[in-house]
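According to TrEMBL, the protein has these features:
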type	residues	note
ACT_SITE	B:85	active site, nucleophile
ACT_SITE	B:202	active site
REGION	B:202-225	region 'Disordered'
ACT_SITE	B:204	active site
């Protein structure tokens, strides 16, 4: 078994309104920053042990499918690194 | 033979629901989620509140608690299930109903009275109303914006699964009358069966005559046996 960190990034699907990001963008503009757009995402770092990268990825994928992301509004990606 | 009002950690409209149902003469009791549903359950209310502190997403944790497997089984057997506010979020997160209730367009918590148009009057939840009737019920949520793909929403509309829409005083679902930016002004929807419904507005807060309008009574009567 090898120790891995699986990083799951969950973001809103393209086209789904993100009012919190819009409010954050406006606040940055009020502070004088220039920017075109701002997107927010949630990042989960999962420490786990698995037989290999593929097994670690598969488990993290299932975590995203079953809880961390809501497929109606979210896309997600998973990156796995040895720790 | 009672209606079960499922209490999660952070539910806070469970007692309101119990009192409102008692006022209507509907026998109901609060059930702690870890205790499971009683065998003779005649209806289920998923009440409003902030289950699990809205961690991750509103309703996400409660939707995956073991009692929701029992609720889905009961719903499949035809037991009426009503999700209100956080209960609506739990309903969508658990797959009882489709779509998602997410952050209001305003990015703010909103607590106000809204007008709803009754889209269908031939369901247990709306038998007390006429189709197209306008009813007044309060909302209190930060994550009530109904979101779903355009294609799937069109199918739900074709199937008659939209139960309530936010509307103005003329019954028109205008953007101004839509408090949270919900797609097509959807405020409440039906599940696979007409006996399963979720809505963001609070019918239990519009039932007791002492506290204002009583337009919510008809919705709760969907739990009558």
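Note: Cβ is positioned from N, Cα and C throughout, glycine not excepted.
Keep in mind it's a predicted model, so treat the numbers as computed, not measured.
Projection of TrEMBL feature records onto the structure.
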residue : record                   : CB count, 10 Å
B:85    : active site, nucleophile : 30
B:202   : active site              : 25
B:204   : active site              : 29
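The list of residues near the region 'Disordered' (B:202-225) in space but at least 6 beyond its ends in sequence, with Cβ under 8 angstroms from a Cβ of it, reads 1, 3, 13, 16-17, 19-21, 23-24, 26, 28, 42-43, 45, 47-48, 80, 82, 84-85, 113, 123-129, 135-140, 195. For the pair residue B:202 (active site) and the residue listed as 'active site, nucleophile', the C-alpha distance works out to 7 angstrom. The two recorded residues, residue B:85 (active site, nucleophile) and residue B:204 (active site), show a Cα separation of 11 Å. Helix, strand and coil counts from DSSP across the region 'Disordered' (B:202-225) read 14 helix, 0 strand, 10 coil. According to DSSP, residue B:85 (active site, nucleophile) sits in a coil region rather than a helix or strand.
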